[in-house]
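Student: According to TrEMBL, the protein carries these features:
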BINDING   N28, L30, G55, E77, D103, N122  S-adenosyl-L-methionine binding site
DOMAIN    35-210  domain 'Ribosomal RNA adenine methylase transferase N-terminal'
Amino acid sequence: MSAIDSLPPLREVIDTHQLLARKSLGQNFLLDLNLTSKIARQAGDLSECDVLEIGPGPGGLTRGLLAEGARRVLAVEKDSRCMPALAEIAGAYPGRLELINGDALDVDPLAHLTPPVRIAANLPYNVGTELLVRWLTPKDWPPFWQSLTLMFQREVAERIVAQPGTKAYGRLALLAQWRADAQIVLSLPPEAFSPPPKVHSAVVHLTALEQPRFPADAATLSRVVAAGFNQRRKMLRASLKSVAPGIEDHLKAAGIAPTERAEQVSLEEFCALARSIKPLD
Ligand code: SAM
């Protein structure tokens, strides 16, 4: 019998520890261990990796990650009620699960991790998006993580992988795709969770590129993209006016028609525009 089978079913764990789901913490738990193992498999080969898991809750995905062979898991959970249930999992996998009871937005996990690191999480959507943006915008690239396997609300997942010319295309797509390969790898209906959320969910897998897909100064690219999409219906010569003097010339130098709207402009073109405004050394 494998270790995952020696632990009680998740429903029992939730009853024993009285883990009534809290809305304020975005608690929609995954109780099907076949499903959590499937999500863990999407994270790639874990046997040589430390895995950072954010928001383990009662530990369904944690068990999946360990059962799929993660070298070590560091799990950061805000809700102290979950800690005894997680401690039982740590007991079943000696030396392989470290727990931190804290807010993932405040905790610095780096001191607890040995590279290579992969990140996996089923998080409340607001915290997930904020962490994703942080993980995609470190001071130095490549980042401390190799890949991110994250559950999002389906609509957010679609924004991460969106292509030009679609409604979902915007800042998140450009940020994610500039320095990572991003793919939706799994879609889940509300009934996969307990309690079921109102919306469908999807797992996005992002793999960090060694270098940005196209060269550009990060701050300039971010400024140009933010300005372009803040007024996405306007032509770029208007929406980017305040970004740099002579913006029409920069747009033309980047091969972008000044009458174009941000939604139509590819990542490669945005990077060319950023380089025209701020040439790289
Ligand atoms: N991973 C578990 C699963 O799949 O069943 C739980 C998922 S539930 C959607 C989100 C979890 O994130 C909850 O356990 C919640 O307490 C935790 N959480 C919410 N905000 C957090 C934060 N800022 N830092 C760490 N954990 C957080």
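Just so it is clear, glycine is given a Cβ too, placed from its N, Cα and C backbone atoms.
Heads up, TrEMBL stuff is auto-annotated, nobody curated it.
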Student: Cβ distance under 8 Å to G55 (S-adenosyl-L-methionine binding site), same chain, sequence separation 6 or more: which residues?
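Tutor: V76, E77, K78, A104, A121, N122, L123, P124, V127 - these are the non-local Cβ neighbours of G55 (S-adenosyl-L-methionine binding site), listed in sequence order.
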Student: 10 Å Cβ neighbour count around D103 (S-adenosyl-L-methionine binding site)?
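Tutor: There are 12 such Cβ atoms around D103 (S-adenosyl-L-methionine binding site).
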Student: With every protein chain in view, what's the tally of Cβ atoms within 10 Å of the Cβ of L30 (S-adenosyl-L-methionine binding site), excluding that atom itself?
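Tutor: L30 (S-adenosyl-L-methionine binding site): 22 neighbouring Cβ atoms within 10 Å.
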Student: Could you measure the widest C-alpha to C-alpha distance across N28, L30, G55, E77, D103, N122, the residues recorded as binding S-adenosyl-L-methionine, and give it to a whole number of angstrom?
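Tutor: So the maximum pairwise Cα distance among the S-adenosyl-L-methionine binders is 20 Å.
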Student: Please work out the number of neighbouring Cβ atoms within 10 Å of the Cβ of E77 (S-adenosyl-L-methionine binding site), leaving out its own Cβ.
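Tutor: I count 25 other Cβ atoms within 10 Å of it.
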Student: Per-residue pLDDT averaged over the domain 'Ribosomal RNA adenine methylase transferase N-terminal' (35-210) comes to what?
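Tutor: Its mean pLDDT is 97.
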Student: Considering the binding-site residues N28, N122, which residue's Cβ sits among the greatest number of other Cβ atoms within 10 Å?
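Tutor: For the binding-site residues N28, N122, the Cβ with the most other Cβ atoms within 10 Å is N122.
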Student: Determine, from DSSP, whether E77 (S-adenosyl-L-methionine binding site) sits in helix, strand or coil.
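Tutor: Assignment for E77 (S-adenosyl-L-methionine binding site) reads strand.
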